[in-house]
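Reading through the structure tokens given below for one structure.
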Number of protein chains: 2
Amino acid sequence: MIPGPVEFDSEVLAQMASPAMSHMDPVFQNIFGETIEMTREVFGTKTGQPLIIAASGTAGWDTVAANLTQPGEHAIVVSTGLFSDRFAECLEAYGAKVTTIKAKLGHRPSLTDIEAALTAGTPARLITITHTDTSAGVLWDVPAITALVRRVSPSTLVVVDGVCSVGCEELKVDEWDVDVVHTASQKALGAPPGLAVMIFSQRALDVFKARTTPVLGYYFSLKKWLPIMTSYEARKAQYFATPAVQLVTSLHTSLSQILAQTLPARLAAHRAASDRVKDALERMGLRLVPVSRDVAAHGMTAAWLPQNVELPDFLPRVSKRGVVLAGGLHPEAPTRYFRVGHMNVSVIKDAELGHIGTTLKAIEESLEDAGHVFPAGYKKV
Amino acid sequence: MIPGPVEFDSEVLAQMASPAMSHMDPVFQNIFGETIEMTREVFGTKTGQPLIIAASGTAGWDTVAANLTQPGEHAIVVSTGLFSDRFAECLEAYGAKVTTIKAKLGHRPSLTDIEAALTAGTPARLITITHTDTSAGVLWDVPAITALVRRVSPSTLVVVDGVCSVGCEELKVDEWDVDVVHTASQKALGAPPGLAVMIFSQRALDVFKARTTPVLGYYFSLKKWLPIMTSYEARKAQYFATPAVQLVTSLHTSLSQILAQTLPARLAAHRAASDRVKDALERMGLRLVPVSRDVAAHGMTAAWLPQNVELPDFLPRVSKRGVVLAGGLHPEAPTRYFRVGHMNVSVIKDAELGHIGTTLKAIEESLEDAGHVFPAGYKKV
């Protein structure tokens, strides 16, 4: 129950063991073509360009930085935690000049600060926000950012790191006018790790095409990938790098399931599971890391440990009860809070699997063993 | 029977469907740690640093270029086909000045030409050779290159693209004094596609550490990966990017099998299978693309089609017989030859699977249907 890799559906997992198939095979052309089409649907776009590349989710940052920034260009990173900060580090590695707007752990930076950064000096090439920063469990209001950017700096691209959000948070790339969203296969998209999955808007592609300097690097170059994606979508194999055939096949099954569940039903289930976990932890006397429910993610929960409970004591107690949770991951207080993932089958098939009830029970018992005093009148889960 | 992805062993494939596991889990720490150790053994090194990164094999070029060259430095690419040329393109994308030494399709460039390039001007930062260029089936004599380089340009790093060789051709990184070898999971290492697998010598790491300019890019930065690899090898998880847990687990099984077979036995089996395929094709009256057996790879065979047989007619005839082969992939004559892969279980378990006999029969029948006249006295396979 960590915030990714998540638990997988058995059919998705079975596809991982599908026999060797040439990446040029007509059967795979069709699988990859459909996967590209379904990606567009899950991200809420009709005109965006999907990219599915063999790599960890981290590589989404490289793909953005390598293709959309030129050395010396200005980028703004709105930071809500470790992953936002790493995106800034990645942009700098490609030569961008980065302004980071930080908030304290659990908070979002204010729109006023963001507006000030957007209107100071030459317009930024891009601004990044982390939809859910997995280190803090803080959720961003994406349309509030796009509206602000279009009003005060219309040429700035809005890039959303959706690693812990796509597939469990509302996302409407076209309607919200987002330029890039990138995620990884192993979070709420419900497939094993190893694929970076992205959408680039036509506006982002125009910025790419207008570059006056060459793309830095090779493997993440859109110049290489755009013809490959277009070609597979037209059910014609074309070669740049061998696709991770089994992972793509597995993602195909997962995306099919997501669309069959319907996205609204899937998101509602994640909201309900999130409320259930957060309500239960608050009843136990714990305080959430995000300062309010408004800014809290629905695919994971970060909660402060009680003063008298230590992380290296708490996590093994939970683990002994068969549940794996994650520790903190924010430089401000990594050992003072823990993180619970609630995504994919652990939410969708909760009635059958019972992951959430088991997790809450394990947390409750571990807190009790560790000497936590529950609020008066506390009723066990 | 294409030159990768190859057919996989059923146990290797079964590991692809292993259940969700945290990349921080002690069980995975051990799996990843052992995989790193076995990689060293398969590459023939005790002191080299393994890197196993979620990406296609193509990313090996980026990892070399990003970490070992600085903008403006000189690199020499010894080209035996399309993949060598692409390595040159990748090095240039990172700012290296590349000299390419080309040979005609089927030939190796001469050591005299290579020596001339190595001794002209300032010493090259690195020289690359493609152990087996998958586009041509031409094999390089690696120790001949390292001996030459150490004699005339000792500070130049020797980089071997081993994508179609590691696991089926002799490779002794330490004994031959090679600096980098990179490959992909889906060729003779026998696992599904999605992992770039590399070895960097201590000399290569020293060049990396002596850089005076920052690494270009983020995802392929050795600065990020070296602590991760060292840490997992010490059975302590550390995070930079989520590893492709299932692919690593599958590679672990495949490397275990390779070492259990013993490397000498595995290489002998590949040499024997290669001879069998090449002998049979020559008996059919076909000419091999490599100009002599000395320069021909053992994991694949490239053969010219007879004058009167066309590739778009031939390949579907083979395919109708249940065997998938690959067309040519060399810019000089892409439609005039075909390629057969013979790696991994198709070689090791040939007695049980019969892949090679089936393939030769399919080629023979397809040639016959296409109107090929076999040499006088030809005996059917």
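Keep in mind that glycine also has a Cβ here, set from the backbone N, Cα and C atoms.
Here A:ARG339 (substrate binding site) comes close to A:ILE2, A:PRO3, A:THR134, A:GLY137, A:MET300, A:THR301, A:ALA302, A:LEU325, A:ALA326, A:GLY327, A:GLY328, A:LEU329: these same-chain residues lie at least six apart in sequence, with C-beta atoms under 8 angstroms from its C-beta. A:ARG339 (substrate binding site) falls within a strand segment according to DSSP. Per TrEMBL, the feature substrate binding site maps to A:ARG339.
TrEMBL lists A:16-332 with the feature domain 'Aminotransferase class V'.
Listed in sequence order, the residues of the same chain lying 6 or more apart from A:LYS187 (N6-(pyridoxal phosphate)lysine) and placing their CB within less than 8 Å of its CB are A:PRO3, A:GLY4, A:PRO5, A:VAL6, A:GLY57, A:VAL163, A:CYS164, A:SER165, A:VAL166, A:GLY167, A:CYS168, A:GLY299, A:MET343. Residues or ranges marked as N6-(pyridoxal phosphate)lysine by TrEMBL: A:LYS187.
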